[in-house]
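Colleague: Questions regarding the structure given below will be posed in turn.
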Amino acid sequence: MTKSEKKSLNESLAQWKLFLYNPTTREFLGRTAKSWGLILLFYLVFYGFLAALFTFTMWAMLQTLNDEIPKYRDQIPSPGLMVFPKPVTALEYTFSVSDPSSYEGYIKDLKKFLKSYSLDEQKNLNKCTDGVLFEQTGPVYAACQFPDSLLEACSGTDDPDFGYSQGQPCVLVKMNRIIGLKPEGSPRIDCISKDENTAMVSTYPNQGVIDLKYFPYYGKKLHVGYLQPLVAVQVSFGSNSTKKEVTVECKIEGSKNLRNEDDRDKFLGRVAFKITARA
């Protein structure tokens with residue numbers, strides 16, 4: 001049969017069958033059982049070696065890491081500020097005083113978050129000395145009490161609605177945790193209203209003080225039970241104010257080694273949020 005001639009269907013099937021298995025040479029897909037065994041053994045050894053090399057490399061790298069303290073911390077010299085409860089819209093709290101469902105989620109989140117700040121939950125925590133860094137050498141690291149009574153009108157004790165039902169909402173401001181951070185001076189969180197004619201801002205504890213006794217922080221695994229110091233911000237709109245909308249800006253002040261300005265990070269040591277209270 002010449003090259004130009006087409007093979008019949010039976011001849012093509014016969015050649016495929018012969019390729020799949022040749023009874024004369026006992027070859028399967030062009031290879032004998034010995035050949036298949038050798039090539040499978042080669043790939044088994046080859047990929048087994050790669051897997052072992054990868055496993056050893058990962059193991060060697062993990063030996064250089066500490067499971068309790070991050071190895072590289074020099075890129076986070078100063079903490080940022082966060083607000084709580086988390087707004088539905090980015091950094092904007094909008095609610096209606098006459099509609100409890102509009103702020104129900106905020107109240108629920110605040111109660112859940114502040115549960116660990118109740119005195120009953122802090123029985124095993126230390127009553128630390130005010131105004132002094134609480135440095136420890138381990139291996140057991142104690143945590144200081146932060147009673148919710150420090151938040152006064154925003155503690156949820158006297159007003160379970162945290163002021164939302166009266167149009168005087170409370171927002172919690174907290175510093176991000178940084179392991180080993182030792183603030184200098186007398187750190188505090190100052191909060192101001194961008195429009196003083198519209199609303200008045202109150203902070204709790206008084207003057208937004210962040211006590212040094214809550215520093216340094218030793219990490220989640222070592223510092224079991226640690227409570228972040230909080231500052232509560234309460235906004236009160238004037239009775240004659242027709243505009244129930246204000247922007248509040250909070251900054252870390254009073255400490256040389258805590259920055260509150262950075263062109264590349266607008267949350268470094270500061271945060272701004274907007275509150276809109278409808279009738």
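A Cβ is built for glycine as well, from the same backbone N, Cα and C atoms used for every other residue.
I grabbed these lines from Swiss-Prot:
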TOPO_DOM  1-35  topological domain 'Cytoplasmic'
TRANSMEM  36-56  transmembrane segment
DISULFID  CYS128-CYS144  disulfide bond
DISULFID  CYS154-CYS170  disulfide bond
DISULFID  CYS191-CYS250  disulfide bond
CARBOHYD  ASN240  N-linked glycosylation site
Colleague: Say you check the Cα of CYS250 (disulfide bond) against those of the disulfide-bonded residues CYS128, CYS144, CYS154, CYS170; which is nearest?
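Modeller: Closest candidate to CYS250 (disulfide bond), judged by Cα separation, is CYS170.
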Colleague: Relative to the Cβ position of CYS191 (disulfide bond), how many further Cβ atoms are located within 10 Å?
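Modeller: Summing over all protein chains shown, CYS191 (disulfide bond) has 24 other Cβ atoms within 10 Å.
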Colleague: With DSSP helix as H/G/I and strand as E/B, how many residues of the topological domain 'Cytoplasmic' (1-35) fall in helix, strand and coil?
Modeller: 15 helix, 5 strand, 15 coil
Colleague: State the three-class DSSP label for CYS250 (disulfide bond), counting H, G and I as helix, E and B as strand, and everything else as coil.
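Modeller: DSSP call for CYS250 (disulfide bond): strand.
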Colleague: Which of these disulfide-bonded residues is closest to CYS154 (disulfide bond) if you go by CA atoms: CYS128, CYS144, CYS191?
Modeller: CYS191
Colleague: Quickly jot the same-chain residues contacting the topological domain 'Cytoplasmic' (1-35) by Cβ under 8 Å, restricted to those at least six beyond its ends, or write none.
Modeller: none
Colleague: Taking Cα atoms as reference points, which of the disulfide-bonded residues CYS128, CYS144, CYS191 is nearest to CYS170 (disulfide bond)?
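Modeller: So, spelling it out, the nearest of the disulfide-bonded residues is CYS191.
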